[in-house]
Amino acid sequence: MSGHPSGIRKHDDNECSGPRPPVPGEESRVKKMTEGVADTSKNSSPSYLNWARTLNHLLEDRDGVELFKKYVEEEAPAYNDHLNFYFACEGLKQQTDPEKIKQIIGAIYRFLRKSQLSISDDLRAQIKAIKTNPEIPLSPHIFDPMQRHVEVTIRDNIYPTFLCSEMYILYIQQMSAQQERCTSSGATGSGSAGSSGSGGSSLAGACALPPTTASGKQQLPQLVPPGAFINLPVSSVSGPPAGTCSASGSVYGPSTSASSSGSISATDTLPRSSTLPTLHEDSVLSLCDDFEKVQMQEGGGSLGSGSVGAGARAPDYPIRLTRDLLIATQKRRLEIRPPGAHGYVYNPSTTNTSYVPNSRVDSERASVSSGGRTDSDTMSISSCSMDGRPYIQRRHSSTESKAIRQSAMANKETNTFQVIPRTQRLHSNEHRPLKEEELVSLLIPKLEEVKRKRDLEERARERNPGAALLTNERSSASDRAFAEAIREKFALDEDNDQDILDQHVSRVWKDQTPHRSPGTMSPCPPIPSRRRTATHDSGMVSDGAMSLSGHSMKHSKSMPDHSSCSRKLTNKWPSMNTDSGISMFSADTVTKYKDASSRSGSSTASKLEEAKRRLEDEPRRSRRYAQPPMQHLSQQPLASFSSSSSGGSISLPHQPPPLPAKPPETIVVFSFCEEPVPYRIKIPGTQPTLRQFKDYLPRRGHFRFFFKTHCEDPDSPVIQEEIVNDSDILPLFGDKAMGLVKPSD
């Protein structure tokens, strides 16, 4: 103002270049430029912009309260109780009826007990005194200290995030566009007054934003973050209005103008529309001469001879996108396009991701998927004069190319689609050595937690020593049974070298002299117990068990050596000793054995001779083939279940499975203070906690829990102990827990 003695302030590029629209009723009077500026500075900002000044402006406005409640419900539900309590206190202050005040105070107090807000002891005592003594006067300001505390919490925590939220910014954008549209429509209906005699271009609409100062900058509300609504295009909600502020005005912030050496700024060359032209990344806004010429041609017909000054300003209406304009600006648009943009489409959703060039496999895959053809596919097959190759060779080449394309996906790299998420990548700062203070701060809580768990276990063992002893006995008994079963199952005897040699010699001589005399037959060495171990689990008895009964006999030459056969089968197929649920003796084998026994029974002399020889050789055999003590122990259970030579196999007695043990339970007897009849429940486990006990309560609410327990004090050996922590174990009185539940105030 001081630089212009005439009192008329010069408009720069950061302000509206035309006067405000006429006030209804004053359309006939043409205003000066100074009046339009004065009106802009005097008018107050809209209410939705005042919400950013203080929290009181927001909570005193109806629309602001609705928007703030919606934001809290969607974005910060933890502050719902704070907001509801604040408005409940505001409603309480407006009441004058004592009865209404008493009801509202009781309702607010019940709400506070159920909410997450903490109630001070003074307030709790004051409300209890009001309930017990109705003569105490009720004050609607009883919750004022707590309301101030809640207000501070809202102002410090949720109010700043609301001002930066997308919901509030979008609301400002919509309201600004709506106000601008209404202003523009009102100015169009009342006529284009106040701009014809100014000698320059004017605006058909006005800026519905905060007032500007003399320096040309916005007066932004307090607590609004930069860019909250300064860089938001208004046309995103509504269509472009007939006119608005310049492209570098208050809506879009400072302009990107040319240098100050006298060149034309971007404001002078851009069209007067609510949207800016596209400005590519890594480029400077600059318009060529062809664009200016086309712009002047578009606006030349509607502008008068005196409306276009020396600066050749653009018309005030938005120019249309025509063919001539695209052709005129084609060269310049290609020049200002960034080099990296050729052949690459920018996606706004992937602006923060890195660009990786196509690999060989990706190129082949894209070529195959798009139906790309090779040179052999495009060759002519109608004539041999085109390429000089015969038809068969061209057909063979085409077939090979087709096969290559079909197998391209099978020959691709296998790890092309393996993407490691960014959240799972290792960072260097995660493996840095911790300082001593950080290590102590992280280690102490963990050690305290371990110590607390051990203390709880120790207390539980002290209170219930019988359960620990029972558990130890069960574990030791199960370990002993398991060890015995393993020993019985895998009890193996070491093979004697002499036994192996004797068995080999007996097999060789038996094959060479099949018709030997019974009197000269040498005794067959006994089979080691490892090869005659019977299976105990399914009642299946092997040949070894048959030989242990003492009834098996060596028959004459007409009787087949069944033990040797079984020994061969056992050595050749070890799986025959496995549990199959079927006896190892088939019906055919038993029948053949019985037939052989009946045929050999006719020779009484041979039987007597064989018995005499066996009795003579028995002492020598027992001394020669002495078995270790472990062998006799392993044969005892087998001999008791062996069968006779004339019968088949006898299955072992099947023992029924033991009944499942009843899970341990703890009986808890408790009662409420106002009920004479106690409750009796069963909680699974021997060490129930308070949390488990709460789950079985028939009521829900705030209670205190007392349990009867023993005390070392001789005057009062039985006391009521209060349990507070949910993880604490309930004390037992005898073999059950005796509890008393009291409602908490």
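Just so it is clear, glycine is given a Cβ too, placed from its N, Cα and C backbone atoms.
Feature annotation from Swiss-Prot across S139, S522 places phosphoserine at S522.
S517 is the residue among S45, S517 that Swiss-Prot labels phosphoserine. The DSSP breakdown of the domain 'RGS' (54-172), given as helix, strand and coil counts, is 92 helix, 0 strand, 27 coil. The average pLDDT computed over the domain 'DIX' (663-745) stands at 88.
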